[in-house]
Each structure stands twice: as structure tokens, then as C-alpha cells.
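Listed in TrEMBL:
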- 12-31: transmembrane segment (TRANSMEM)
- 13-220: domain 'Cation efflux protein transmembrane' (DOMAIN)
- 43-60: transmembrane segment (TRANSMEM)
- 72-98: transmembrane segment (TRANSMEM)
- 118-139: transmembrane segment (TRANSMEM)
- 160-180: transmembrane segment (TRANSMEM)
- 186-206: transmembrane segment (TRANSMEM)
Amino acid sequence: MTKHIAHIEKRALIIGVIANLVMAISGWAAFNLSGSEALLLDGNMSFILFITTLVALKITEIKSNKSDIFPFGLYVAEALYSLMKGLLLLGVVISAISSNSSKVLSYWQGAEIEPIKTGVIVYYAIAMVVICWGLSFFYHRQNKRINHNSSMLKVDQKSSFIDGILSASTGVILVVIGFIEPTSTFSPLLYIGDSILVITLALMMITQPINIIKEAFVELAGGKLQDTESYEDIKSKVESKFDAQTHHITSLHISKTGSSYLVVIGLDLTKLNPNNQSTLINKKTQLHQELVSSYPFIDIEMILT
């Protein structure tokens with residue numbers, strides 16, 4: 001099962017590497033031809049996805065390896081991957097807001113700025129939207145095949161979808177700007193329209209990397225599983241095997257690190273019957289067998305409180 005998941009992850013990520021490299025080079029080329037800062041942002045976003053996907057490929061090979069130093073595997077690498085990717089995306093978004101705000105300010109202070117050349121943009125936008133949303137859908141389908149057990153594919157699916165929105169919005173608005181007459185009231189948009197667009201899109205997108213960072217931080221800190229659906233599913237299966245009153249359960253903690261889940265069941269030591277130990281162990285084994293079909297990387301621990 002674990003090899004099957006790793007195989008699907010690796011195949012999906014290899015396709016992602018190729019697609020993101022193509023989009024990064026296309027974005028930079030379109031920026032040089034048009035002078036649009038929005039296309040530079042698009043290219044930079046794709047390049048970050050390219051670099052981080054290369055890292056993700058390595059993580060798929062090592063995350064399930066267990067050793068004396070890492071007895072539970074290296075699933076924490078997945079959470080670190082999500083954290084670093086979120087930070088990089090946030091950095092690009094903040095940098096885009098800063099540089100384009102400076103461009104707008106310089107224009108209003110009288111600086112000479114070259115107008116945007118929109119000829120190539122429509123072709124670029126169509127191609128990028130098809131690739132981005134196609135890749136996002138592909139990631140989603142591949143993750144669905146493994147019951148959404150890949151946190152890396154989940155993050156990449158969101159990132160590619162955001163990149164597609166960026167490309168679509170950029171293309172439509174910049175093409176419209178290209179029809180503005182130099183003598184029109186809206187003529188300033190010929191020079192700073194793309195910068196205003198970048199600032200607007202960046203402000204709309206900024207919550208996405210922040211959410212990625214937040215979820216990764218919770219995982220690294222060993223916090224409660226944030227996916228409500230998965231949490232309730234695991235909780236209901238635990239409760240079906242362990243009656244709170246009969247087995248004197250005092251606590252239940254469910255957490256996730258990367259694609260690895262940890263379920264910790266607290267039992268009241270003062271009320272524990274020594275004769276029931278074998279029953280508890282059997283129930284733990286049955287629970288693990290039931291959960292592992294949906295959560296291949298899961299550990300169940302029982303502690304005395």
C-alpha cells in the first residue's frame with residue numbers, strides 16, 4: 001500500500017516538475033516581450049512550484065523510511081515542505097506588492113515608464129490557464145486515488161489552482177487594457193495597469209500561503225488534526241471500538257504530521273482491570289486494521305493517565 005502511494009505521488013510530481021518549468025520559462029519570456037510585471041509574478045510563482053516539487057520528489061522516497069534515529073519515519077519532512085513552500089509563496093506575494101506599489105508611486109511622481117505590450121499576452125494566458133488548471137485537476141485525481149493521503153499533492157493542487165487564477169485574471173485584464181486609447185481618461189492604465197492588477201491579485205491570494213503555513217505549523221507542533229472530516233471519521237471509529245465508560249477513556253488526541261496520523265487514547269489507570277489487557281490489545285489491533293485502509297500511515301497508542 002505504501003509503495004503504491006509513493007509510486008502515484010512520484011509520477012504526479014514528475015509531471016508537475018515539467019509543467020512548472022515550462023510555465024516559469026514562458027512567464028519570463030512573456031515578461032520580456034510585454035514588459036508586464038504581472039507576467040513576471042506568474043513566472044516566479046511557477047518557478048517556486050518547480051523548485052519545491054523537486055524537493056517533494058526526494059521526500060516521497062525517504063518519508064516512510066524508519067531507523068533507530070527516526071523510528072516513526074520522516075513524515076515531518078512533508079510538513080516542513082508545506083511550511084517552506086508557504087513561506088516562499090508568501091515571500092513572492094509580498095515582494096510583488098512592494099515592487100509594484102513602488103512602480104505606481106514612481107509613475108505618479110512623473111517617472112517615465114514604458115507602456116505594456118499586450119500582443120503576446122492573450123496566447124500566453126490561454127496556454128497557462130490550460131496547463132495550471134489541468135495540472136491542478138490531475139493532482140486532485142491522483143490524490144483521490146490514494147484517499148487524499150498525500151499532503152504534498154494537496155498543497156500542490158491548491159498552488160496550481162491559484163497559479164491558474166492568476167494567469168486567467170492577468171490575461172483578461174491586460175488584454176482589455178490594450179484597447180485603451182492613449183488620449184483616454186484611463187490612459188494611465190497603459191503604464192501601471194499591470195501593477196495595479198498585481199497588487200489586487202496579490203492581496204486576494206495572500207491568505208492561501210498563510211493558510212498553508214498555519215496548517216504546516218500546527219502539524220509540526222503536534223496539534224489537533226485540522227481536517228474536521230478526517231478527525232470525526234477517526235474519532236467515530238475509536239468510539240465504536242472503545243466504549244468511554246467501559247474502558248474508562250479519559251482523553252483522545254488525533255494529530256497528523258505530513259501523511260502520517262497519530263491516535264493517542266488515554267485510559268484511567270486507577271480503573272483499569274488487569275484482566276482486560278488482552279482485550280484492549282485486541283481492540284487496538286482491530287481498530288488499526290479498520291483505519292489503515294483509509295489512513296495507510298497511522299499509529300495508535302494507548303497511555304495510562
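Placed from the backbone N, Cα and C atoms, the Cβ positions cover glycine too.
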Same chain, outside the transmembrane segment (118-139) by at least 6, Cβ under 8 Å from its Cβ: which residues?
-> 12, 15-16, 19-20, 22-23, 26-27, 30, 33-34, 36, 39, 42, 153-154, 156-158, 160-161, 163-164, 167-168, 170-172, 174-175, 177-178
Out of 12-31, 43-60, 160-180, 186-206, which stretch has the largest tally of CB pairs under 8 angstroms to the transmembrane segment (72-98)?
-> 43-60
